[in-house]
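In TrEMBL this protein carries:
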type	residues	note
ACT_SITE	186	active site, proton donor/acceptor
BINDING	22, 25, 124	Zn(2+) binding site
DOMAIN	14-212	domain 'Succinylglutamate desuccinylase/Aspartoacylase catalytic'
């Protein structure tokens with residue numbers, strides 16, 4: 001595609017912020033609970049001003065696993081959002097997470113359909129010292145890339161990475177794939193089953209800046225272009241092992257803590273709402289250029 005050719009996208013009218021997809025990743029759980037409290041208070045005192053607002057759904061994804069403070073109860077919920085699982089027949093006693101995935105698909109989707117929410121942000125935490133990471137299936141989703149770039153500007157002291165999974169939409173398996181646009185926001189290091197105040201603060205700031213960007217985008221703000229570094233998996237390398245026992249015999253060197261990745265630098269330029277469009281589905285124009293090395 002020619003770099004000067006515009007790409008038009010509709011405004012983001014419905015977004016979802018999800019936490020507790022893994023029940024022992026508590027920063028996202030507590031953030032969702034706090035946001036739900038604020039939403040209840042706001043709804044009690046709000047008045048209809050006749051203007052069109054962005055609708056935000058706040059979802060506790062796996063309440064049963066959260067109650068038990070476990071990653072999942074029967075099977076990993078964040079592997080249950082393939083089209084085959086969502087649309088396939090269920091057994092007489094399906095795993096809880098399969099049923100919950102189908103419920104979430106009804107609430108936020110259907111996946112791949114025109115009625116799906118415009119954007120899903122699924123909150124995760126990890127024991128890995130990876131800072132704040134966006135994990136997405138596409139390296140050319142201009143909405144996600146511009147949100148990431150916005151967070152980089154707003155949170156310059158927080159290490160950030162954009163990780164591209166390189167899996168097709170048909171094979172995508174996680175909750176964020178249900179929306180028209182989506183990503184997981186994963187932050188670490190954070191022990192499972194607890195909440196570090198600094199990790200919670202980073203996650204809270206990340207969500208707040210994401211919502212700010214959505215508001216600016218929908219209101220017609222123009223976003224400058226630039227570069228985004230995207231990391232994609234090249235291969236997995238097993239640990240050295242004893243030939244007889246197969247026990248691991250070495251640790252990762254401190255200079256090689258990250259699994260081998262290829263760095264792809266993507267240049268994205270101006271993004272703005274198309275002011276010539278009178279349709280309620282306001283359009284946004286994005287110009288982009290790709291560079292690989």
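Using N, Cα and C of the backbone, Cβ positions are placed for all residues, glycine too.
The recorded positions under consideration are 25, 186. Their Cβ neighbour counts within 10 Å are lowest for 186. Along the domain 'Succinylglutamate desuccinylase/Aspartoacylase catalytic' (14-212), the predicted structure has mean pLDDT 93. Other residues of the same chain near the Zn(2+) site, with their Cβ within 8 Å of the Cβ centroid of 22, 25, 124, are 19, 20, 21, 24, 28, 71, 78, 123, 125, 126, 186. For residue 124 (Zn(2+) binding site), the count of additional Cβ atoms within 10 Å of its Cβ stands at 25 [all protein chains shown].
Nearest Cα neighbour of the residue listed as 'active site, proton donor/acceptor' among the listed binding-site residues (22, 25, 124): 124.
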